[in-house]
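Enquirer: Got these off TrEMBL a minute ago, pasting:
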type: DOMAIN; residues: 48-224; note: domain 'Thrombospondin-like N-terminal'
type: REPEAT; residues: 314-359; note: repeat 'EAR'
type: REPEAT; residues: 361-409; note: repeat 'EAR'
type: REPEAT; residues: 413-461; note: repeat 'EAR'
type: REPEAT; residues: 465-513; note: repeat 'EAR'
type: REPEAT; residues: 515-571; note: repeat 'EAR'
type: REPEAT; residues: 575-623; note: repeat 'EAR'
type: REPEAT; residues: 626-669; note: repeat 'EAR'
type: SIGNAL; residues: 1-20; note: signal peptide
């Protein structure tokens, strides 16, 4: 399979346009042309240009500069002739602020000064990136636009884009991911004259549409696709081809005790005193807690510790007994901005519930009718907030439907949005790939047949509904787990039972060519859950094995006490290899979490063959030793674990499939 993946990577690289030999005679050297460096003096002293450091990288703030101050004649780089290359790449590294829905900003333009017309340019809106160029046919001239949808630039993060152009082919690569290719009816002109033209950086020669973000890199590479030079890269969002001298080196460190030689600022703000609110206004700002000697960063609506006295898990104590409508088969903890922290319980009987965190505890908030609900999945698409339930049993009319609910900002409640036909649904997994949203359901059985298809649905922006995109053959599927490694998207399914045995293959799929394809198979025993987690640059995948059973063998009590397995990704071999085996008691769930600098796994042990009163175990990562048991937690029919954090500290919550009682546990640290 590693050979197959390598072949697919090579084929993807060869399929990207712009890598063939060009037919044009170059007007420049075939070297990177740093357009940004041409417009900004080496010392960065251009009027209105500010050097700003954000997220560990320097960029240029250009919005205060007059458009003409950030321009230069095209003849400065097109010194052999006046024709723009027919094949080229444009490399841009930028950080874009949030924009109003209909606003557009220009990254750069090439303007014909005498006619005041745009020859070539790059602009973006909140949802699209537009490449503009002029085509001429005798006396006729018209502007052509090639638009890439959903590159997701306005998220406040650094991104590196590579636009590769080759005749009628246009390719956009973001952060060394998979390219998006467009074959346009109108190819890029072979003879675009730039005689008497000027490059304008961050504008179209006027202040309207002027670039308000940060730009770090703007490079023209004639004759080839720049992704071959940039990728793969350890930090693809900052992949480097060429940047101006003023942006190189360590930031904020004058040499020889001299003052800074260029305008410099950072958008970092530190608040002292008692805990301030963390809202949109404080986003990406710091708060220093003098009492705890900790530095915190506002992310979304939470203060996240970035520098603090080392925190260690000392012990676990019960914080709340959460009485539920009936036995709880799954739980989902989530945050709704402006509304608060919630937990949804998937209950065995006909009503499941949502609880809201208030005054340090969960309180009943909303009841939702379900049919032996197995799990909930919270996800968002843009500003829309959804909650999907996996119903295991049919409704009163004998119909098997699982339901997607949508949050109403006005009513502040979840309301039914879409019904989806499912068969013994056990789990939903929501994920995003290249700006597209997906929802995968694990169908467990149809009647008595466990060998059926599970379905991956794709969000249709036009219909505003999920539509079937791909089916995957599964055997008693219990769980999906999505994760990414570099530019690759993976989806793992836990197969639990094929009708005769729990000893069967669970599968890992990789997304190639627009669909998920088999990447690796694992021998599992009643697999109930996959959990992916990262420790440093290492990637792990843990499976919870629940039961060893075969119709040919007599059931024994010890068939529930079996090994669950942790696998680690071997990057060289391009496969997951067995890392550690842990003895579990009908394990149904793994949950990974961290406290301070320590990493932990907690397992949901549910049954040992004799009793449901089984201790679930917290394991701590100890490097070379792997995971070592450190805490033993009394549980009864434990089914699911979730972890969450509030201003008061960190918590674990578990659900019981054998009693109408879930428990919230507080992690005491020292």
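Any Cβ shown, glycine's included, is placed from N, Cα and C.
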Enquirer: What is the pLDDT of the repeat 'EAR' (314-359) when averaged and given as a whole number?
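Expert: Computed over the repeat 'EAR' (314-359), the mean pLDDT is 96 on the 0 to 100 scale.
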Enquirer: What residues in the same chain, six or more past the boundaries of the repeat 'EAR' (626-669), come closer than 8 Å to it by Cβ-Cβ distance?
Expert: 275, 302-303, 311-333, 341, 343, 345-348, 357, 360-362, 375, 566, 579-580, 582, 588-591, 593, 595-596, 600-607, 612-620
Enquirer: How does the repeat 'EAR' (361-409) divide up by DSSP, counting helix, then strand, then coil residues?
Expert: 0 helix, 34 strand, 15 coil
Enquirer: Count up the helix, strand and coil residues in the repeat 'EAR' (413-461) according to DSSP, in that order.
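Expert: DSSP classes over the repeat 'EAR' (413-461) add up to 0 helix, 38 strand, 11 coil.
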Enquirer: Go ahead and report the DSSP secondary structure tallies for the repeat 'EAR' (314-359): helix first, then strand, then coil.
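Expert: So the repeat 'EAR' (314-359) is made up of 0 helix, 35 strand, 11 coil.
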Enquirer: Please spell out the DSSP helix, strand and coil residue counts for the repeat 'EAR' (626-669).
Expert: 0 helix, 36 strand, 8 coil
Enquirer: Using DSSP, how many residues of the repeat 'EAR' (465-513) fall into helix, strand and coil, respectively?
Expert: 0 helix, 39 strand, 10 coil
